[in-house]
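Asker: My questions will all concern the structure given below.
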């Protein structure tokens, strides 16, 4: 494990404090399933979420917002069009944007769109092992939103992808790996219960977009986003009876981490 | 009541264990209101949900998934097109699919589509009394998502519908009736509080789709789905102060039923 | 403060009891983020929500429902078309409808549509200070869903708007002001935590639509809607650890206010 950096609690805390003081406005173009949870996660952390999807509005708003999230979970042709305009607008305005390639690899339409988006230079990519391997051109035939690979299995793919696309790649799993292709940070913590609640990964991608708006070391900022979400997940699991009580406990933990 | 079968706890438990060990992947094409809750219900039970709605993707994914849910709650012309492709794809791949005819009868556009879907042979149909009566051609003029009839009022309509469409029909109510037109299972339990939380019926339809993927007696599998949800509803109600705390308690009860 | 009316607890309670006995059916055309929360708020209060968005259906349903909500939060061209039909249908049927001009002012597409909707005579408008000022033609350049102004800052704009559009305007804030342009009711209570949970304002607009269906003094009915939501928010905050536990506590408080 000596090849990986770790991230220390002081760095995580500093990033969180910077997040809180800046309160970035995050333009979320995300899937239909996780809209409310994503907004509540960002709000709990002190950020401002806004979901804007009409093409003309998305183009206008991406330049106003602090950062942009593109999540292809319930992609449609209309949504794809709006996302293209938003990404180009964010790029023109010098705003960071994050790609969450939900279920890339398994489904042709979204996989092709994710590859197109790669050419538009995302600031960061956050996905599970199967999704990252698919983006890197290694098709493992994942059956959808699940990953049948561990995050470590996808590490070399993530490193290649980070270098070729000049981006930060975060692979979620029991250990999260965050890499720019040269440096790699390993983030431990969390709990498997998080995978039994819809939207924890998708919301993390929105939080990554928020952390990409901060100053400082981008790699450590993205790793801090992963670490803060893992900490809240662990706290929430300890206080939960099951997946139902996990949800309010998780939002409470994020909210209280911010006080 | 001697005309109805009942379902014993051992059968319900066996079906739940089979569900857990198989972890079916359920393709949910459902309405905008219940996406997150439906996903969390399936996850709590150990299933994998995936919401895929773009026509090309929906067609591709319906053949990959274990089972398909069609819920017409916020139907649009685009969604209708994608649903047609998904249903035909599921049929070609021999995968079960379930129809939830939300508010059929009251609204012309969706009622016509539900009648069209009937010709594509759903594995099961799950609705309230008004919806089932509307599908069977008896228009009671329901005002939307509410049912002003008891489930018993719709029983003969359900039996006719099950025979003519060669399907299983589940009517939700204070007593759920599940029928193939010849045999009818009565499922008791639950609590009226469940009707004051959005999505309990819609999520049941997704769970029915999951249970339709199991081996064994299809009628008893669908009745087991209804019974497990009623049990969790009763447990959650006992632990709740109101409709707000019901939601996490309900998901917890489903999650713990599965441990 | 002598220029403002206040609303007494007996009036608030009477309006709530009338709401409960009538159980209005509210047609919600609202944004993708708050669908489930809005439905659960209405259900907790004893109302029936229904989200119907296909143009033909929306037109048909707006005439059947007791009242209509138009929320432009995730407006699209298709949704705009369906909203126009629904509003005209509600007007023809003599049903009240409420406009929630989410982020009006900041985004051109929706701002133009909100101005168009003003000509169709909403029964009430519910928004934050920035949104109301934008509708009144005072552009403060809000950055989206946030309001950088206090509700008091927007009061004269709200009064002008209420008079010119012949409507009731409710401005949300630490104090809510509800005005018909001549009389103005100040509603205190609530808690800032409510602004850290997505959908409390959007759900209030749906509740305002429900209260607009009641008989009696329309201005006091709208103020009662605001007061009941503020009371539940205060109760929920006292029982919450953070924004996560606030959500079930808020719904419970609404549900229990109704028993």
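The backbone N, Cα and C atoms fix where each Cβ goes, and this holds for glycine too.
Feature annotation from TrEMBL assigns substrate binding site to A:51, A:199. The ATP binding site annotation in TrEMBL covers A:126, A:172.
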Asker: Under 8 Å, Cβ to Cβ, against chain B: pull out the ones among the binding-site residues A:51, A:126, A:199 that qualify, in sequence order.
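Answerer: Sorted by position along the sequence, the hits are A:199.
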Asker: To the nearest whole angstrom, what is the C-alpha distance linking residue A:172 (ATP binding site) and residue A:51 (substrate binding site)?
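Answerer: Pair distance, Cα basis, whole Å: 24 Å.
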Asker: Let's check the environment of residue A:172 (ATP binding site): how many other CB atoms sit within 10 Å of its CB?
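Answerer: Cβ-Cβ neighbours of residue A:172 (ATP binding site) within 10 Å number 28.
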Asker: Taking CB atoms only, which of the binding-site residues A:51, A:126, A:172 fall under 8 A from chain C?
Answerer: A:51
Asker: Applying a 10 Å Cβ distance cut-off over all chains shown, what neighbour count does residue A:199 (substrate binding site) have?
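Answerer: Residue A:199 (substrate binding site): 25 neighbouring Cβ atoms within 10 Å.
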Asker: Where does residue A:199 (substrate binding site) sit by DSSP, helix, strand or coil?
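Answerer: Note: residue A:199 (substrate binding site) is coil by DSSP, not helix or strand.
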Asker: I need the CA-to-CA distance for residue A:199 (substrate binding site) versus residue A:126 (ATP binding site), whole Å please.
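Answerer: That separation, Cα to Cα, works out to 13 Å.
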Asker: Give the distance between the Cα atoms of residue A:51 (substrate binding site) and residue A:126 (ATP binding site), rounded to the nearest whole Å.
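Answerer: Given the Cα positions, residue A:51 (substrate binding site) is 19 Å from residue A:126 (ATP binding site).
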Asker: Count the other Cβ atoms sitting within 10 Å of the Cβ of residue A:126 (ATP binding site), across every protein chain shown.
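Answerer: So the number of other Cβ atoms within 10 Å of residue A:126 (ATP binding site) is 31.
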Asker: Once the chains shown are all counted, how many other Cβ atoms turn up within 10 Å of the Cβ of residue A:51 (substrate binding site)?
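Answerer: Other Cβ atoms found within 10 Å: 26.
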Asker: Return one of helix, strand or coil for residue A:51 (substrate binding site), based on DSSP.
Answerer: coil
